[in-house]
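Listed in TrEMBL:
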BINDING   A:76, A:79, A:80  heme c 1 binding site
DOMAIN    A:208-330  domain 'Cytochrome c'
BINDING   A:221, A:224, A:225  heme c 2 binding site
């Protein structure tokens, strides 16, 4: 009888000691990211920064909060506009605080987890530390990182949001960057008409012009603007006439290698019809200017890419067809995705 | 008797599940920044490089990482990943406590700088937090070591000296490995605190094997050949000045 009582007591003790700690809250809610079946493996290792509903919400708030800039006027979303696929519509060069202007155009933000290097010259090597550049650059948001971190720590709303996303502890730059990254990780564009055609979605087909344009694209553009990302991620001199006013050495600024003079990252062509102006310095406002450049406007410099060295001749019909094909790369679901849209920050 | 068997069995089980732990101890490294024979003083003291050019130092900091200890049989014990930023302006940063397995050691080995992996691994914390201003935002990578100051010989604006030394790629890498052998052995075990006092001589930055003339070189803030030369110089700045094995 006594022995039975001991066994029962032991069993209870075991159950009691294995119970969940009631003092600990369940923690942030995991977020399942939808990835396209026909893309390569992402470059960014999401397991190092597990996505959560709270982390993404915090990243979105930070992205649209102008208080990340020195004078509280410029948010990330100020230059990265959703309707322009997170590029800066109609602005050739980036804008910053105090009416300052940068030397390059604002790149669109999407499919960043497949990107190896960032910026037009590839100077930034990791998605998480990419936000450091615009936040601290005097021509962009111009803020001192330490000042920003202490401002965030002094803000009750941010304190509670960071705690909800990352648990107890001070807000530090790693948490700031990882929250912004979680939001950026959700900015993916792979639901264009082109994608539907490729995935043989029922009832979707290219029109005659689109199909013709796709063939021109495959023959004349696809080796640099490689499918399905529409960039091979390389740095190339595409023969743009040198702009003395900007005097931008491009990739050479990063590598110190004269062989990289005037080379810039090959941009993706996804959503291109939504994100003019074009090129690293936004010199072309119309996509037909771009066609004309490749067809007739190549400037010969020592580092010119062999693929464009002799120009890429395009007939008027081919240009028109390309225009129709490139329009199929617009992803309305992405441009209008409510979970990426600007939020008004009032507290 | 049965319950006793049960109890004994339990005890064995517990013993079996106990984690096998090597006894850990601590070794302490204290870095004393100097300029030649004098303790380093920021801003107020004037120093001279080998070329006879006068200068002052307003900032002096460097990363130390990837520590190993060398045993008496010359085998190396790699210590757990740890990163330290020694900053002349921050007294506490000069003392580094290394957790190490019990043993007798004759030397310490470390990197001046941050290994290439951490230069490409995204947002970090602690000493590697980019908030310390030791990271290039426009060209990702850590500034491994930084010396700033003024020299009348400098042709830069306000006669500034700016030596931001970095670069983690194979070509022109600024990552330097240093091995310091102690004059006596150091024993790490619980209840002891062996200490190494190490001088770091700022003048060594401009000395050998690549003497630097401020009139021609006063600003380095990109990875490259010049940065690698300074790194090759400051690799020689460390010297053990005293050892306490208690």
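Placed from the backbone N, Cα and C atoms, the Cβ positions cover glycine too.
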CB neighbours of residue A:221 (heme c 2 binding site) within 10 A? 20
Kindly assign residue A:76 (heme c 1 binding site) to one of the three DSSP-derived states: helix, strand or coil. helix
Would you mind ranking the binding-site residues A:76, A:224 by how many other Cβ atoms sit within 10 Å of each Cβ and giving me the lowest? A:224
Can you tell me how far the Cα of residue A:225 (heme c 2 binding site) sits from the Cα of residue A:80 (heme c 1 binding site), in Å? 22
So for residue A:80 (heme c 1 binding site), how many other CB atoms are inside 10 Å of its CB? 22
Does residue A:79 (heme c 1 binding site) have same-chain partners at least 6 apart in sequence with Cβ under 8 Å from its own Cβ, and which are they? A:88, A:91, A:94, A:95, A:106, A:134, A:140
DSSP tally for the domain 'Cytochrome c' (A:208-330), helix/strand/coil in that order, comes to 45 helix, 10 strand, 68 coil
Roughly how many Å lie between the Cα atoms of residue A:80 (heme c 1 binding site) and residue A:224 (heme c 2 binding site), rounded to a whole value? 24
Within 8 Å of the Cβ centroid of the heme c 2 site residues A:221, A:224, A:225, which other residues of the same chain have their Cβ? A:217, A:220, A:222, A:223, A:226, A:230, A:231, A:232, A:266, A:269
Can you give me the Cα-Cα distance between residue A:224 (heme c 2 binding site) and residue A:76 (heme c 1 binding site) in Å, rounded to a whole number? 29
